[in-house]
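Asker: Can you read through this structure? Questions will come right after.
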Amino acid sequence: MSFLNYIPKVHIHPILFIFIVISFLTGTFLELFIIFALVLFHELGHYIAARMMKWRIRYIVLWVFGGVMDTEEHGNKSMKEEAFVTLAGPYQHLVVYFLCFIIETFQLMPASILELILYYNTIILLFNLIPVWPLDGGKLLLLAVSYFFPYKKAYQFTLIFSMVFITIILVLQLIFLPFTLSAFFIWAFLFMENRSDWKQRSYVFMRFLLRRYEGDATVKGVVPLTVASDSSFLDLFSRFRREKKHPIYIVYAENNRKSVDEADCLQSYFYEREYNQSVGEAFLYK
């Protein structure tokens, strides 16, 4: 395997170009360069951790104060593994603190620049831990909610919570806090990202189901599901939880029951394309 295979595709989000123009106009290009370098180092942590876990990485998008690593993994890796990859980004900032300590000890850099690095390192670290999707804090929130609720409900809750949180921040900034154009752009960008992900939530859920159908899912427990015979497959799938195997009990008339495996349900939906039938109809004569 060549060295180039280890280098991910990197995309620059258009909002970053807006900040580049602002930095030239305001004479803060050094600050922007430091921020961009710290963001790159942050994303490098995610990338290395994901490669260690053999994740399939599509590309990395960089923007101000953060980035997004797009992968083929959608809720089917173990939550411990996802937490490891998510926390690898914030961990990089601890490395920066250590490097700054070494630099300060041996006076390898002007104190003014070192102060800027420490300041923005702290800002980026704390910002990324805010529980807003798709920041690291938002991903940790999704993992926490997924522990108690089905994946579909957990994902939708995370997006709704994020949009409400951002709206509150924007209102506070407009009414009570000092208004800064940069902060407004960042929060507005995050809101639009969540709004876009909300529109694509069904697509994300389908990818979650497809990975499960392909057998590419971590299983650490069994949770039986009881479903009425007239329920649709999507109603059933919306109750699927991460790291859980689901034996399905279909309840017919007069309380007659039939037991099927979740893999059979997924095969009926994706391979046999019985999505227009109810769960009970699909398995009535099987």
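Numbers here mean position along the shown chain, with the first residue as 1.
In case you wondered, yes, glycine gets a Cβ from its N, Cα and C as well.
These came from TrEMBL, pasted as-is:
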type     : residues : note
DOMAIN   : 32-104   : domain 'Peptidase M50'
DOMAIN   : 109-168  : domain 'Peptidase M50'
TRANSMEM : 12-41    : transmembrane segment
TRANSMEM : 53-71    : transmembrane segment
TRANSMEM : 91-109   : transmembrane segment
TRANSMEM : 116-133  : transmembrane segment
TRANSMEM : 159-192  : transmembrane segment
Asker: Pairs 6 or more apart in sequence, C-beta under 8 angstroms, 3 or more of them: is that satisfied by the transmembrane segment (91-109) and the transmembrane segment (159-192)?
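Answerer: Answer no, regions not in contact.
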Asker: Looking only at residues six or more beyond either end of the transmembrane segment (12-41), which have a C-beta under 8 A from one in the stretch?
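Answerer: Answer is 61-67, 92-93, 95-96, 113, 116-117, 120-121, 124, 181-182, 185, 189.
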